[in-house]
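What TrEMBL records for 25-48, 60-78, 98-120, 141-168, 197-225, 237-260, 272-292 is transmembrane segment. The domain 'G-protein coupled receptors family 1 profile' annotation in TrEMBL covers 41-290.
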Amino acid sequence: MQRVNLSMVSEFVLVGLSDAPAVRFLLFVLFLIIYLATMAGNITILVAISTDAHLRNPMYFFLGSLSLLDILCPTITVPKMLEALLLENKVISFTSCMLQLFFLIDVVGTEIFLLAVMAYDRYVAVCHPLQYVNIMSMKRCAHLVIGTWVVGFFNSLLHTSLIFTLLFCDSNEVDQYYCDIPPMLALSCLPTYSREVVILTVAGVLGSSAFVITLISYIYILLAILYMNSSESRHKAFSTCGSHLTVVCLFYGTTISTYVRPSSTYSPDQDRIVSMLYGILTPLLNPIIYSLRNKEVKCALRRAISQV
C-alpha cells in the first residue's frame, strides 16, 4: 500500500509578533531579559538544592524538578521568538514545528502532574507529619517524578500525532509565536472535530485528575491548619503551602484556558497573552515566589552566594 504524505506544507511562518522594527527591538530586549532572569533564577534554585544538605528532602526534590521544567519550558519557545524578533526569520520547518509542539506539551503536561504530586506531598507533611518520612521516602519521590515525566511524554505523543497527521495546504502562517495546538488546528484543511474530541477528552481527564488531587489535598491541608492550636505552626504551614498554591493558581488557570476548550473559541490575541503567562512569566515567577516565601531556600541561597 502506497504511503501518502498528508502534509503539503514543508515549513510554517510564525506571525504572532509585531512587524514594526522599533517594537520588535523593544520586545527582543524585554524577552531576552526575562529569559536570562528565568534561567538565572531557576539554575540558582537547582544549585542551592543540589549543594545544600539542609534542602535534601522530598519537598525540595520536587522543587528542583519544577525548576528544571521551568528552564525547559521557555527554552523550547523563546530562542526562536528572539530570532524572529532580531533577524526577522519567522520560518520554522515542519519537523522543527512538530518537535517544538511535542516538547512544549510534554513539559507543560509534566508540570501539571508534578504540581499535583507536590500538593500531595504538602498534604502528607501537614496532615501526617509523623508518618511523612516513611510515606514520602526519596525512592518513592523519585518514582513519582519519573511517573509525571512518563505520563507527560505519552500525553504529548498522542496530542502531537493527532495534530501532525492533519492536512495543511491552504496556508502555512501560524498566528502565534510558536507552534501550538489551537493555531495548528485552525490551519488544517481537514475537519478537526474528531481530533478535537480526543484532545479535549484526554486533556480534560488528565488535567481534571491532577486538579482534583490538588484541590482535595488543599482542602485537607486547610482543615488541618484550622485545627492547629499553635499560631506558629499555622504560620509555618501556610508559608510552606502558600508558595505552591500560588504557583498552582497561576499555572493551572492559564493552561486550562488555553487547551481545555473547543477550537471555535480560539482567539489569537487572547491566546498569545495567556501563553506568555504560563510559558514565559510563570517560569520567571516560580523561583521568586519560592525564594521569597521560604526561609530555608533564602538561607541556602545566601550560603551558596557566599561560597561563590
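Cβ atoms are placed via backbone N, Cα and C, with glycine included.
Touching of the transmembrane segment (60-78) and the transmembrane segment (141-168) is concluded from the presence of at least three CB pairs under 8 A, sequence neighbours closer than 6 excluded. Ranked by Cβ pairs under 8 Å to the transmembrane segment (197-225), the stretches 25-48, 98-120, 272-292 are led by 98-120. Remote same-chain residues near the transmembrane segment (141-168) are listed as 6-9, 12, 58, 61-62, 65, 94, 98, 101-103, 105-114, 117, 121, 181, 184-185, 187-190, 192, 195, 198-199, 202-203, 206 (criterion: CB distance under 8 Å, separation of at least six residues from the stretch ends).
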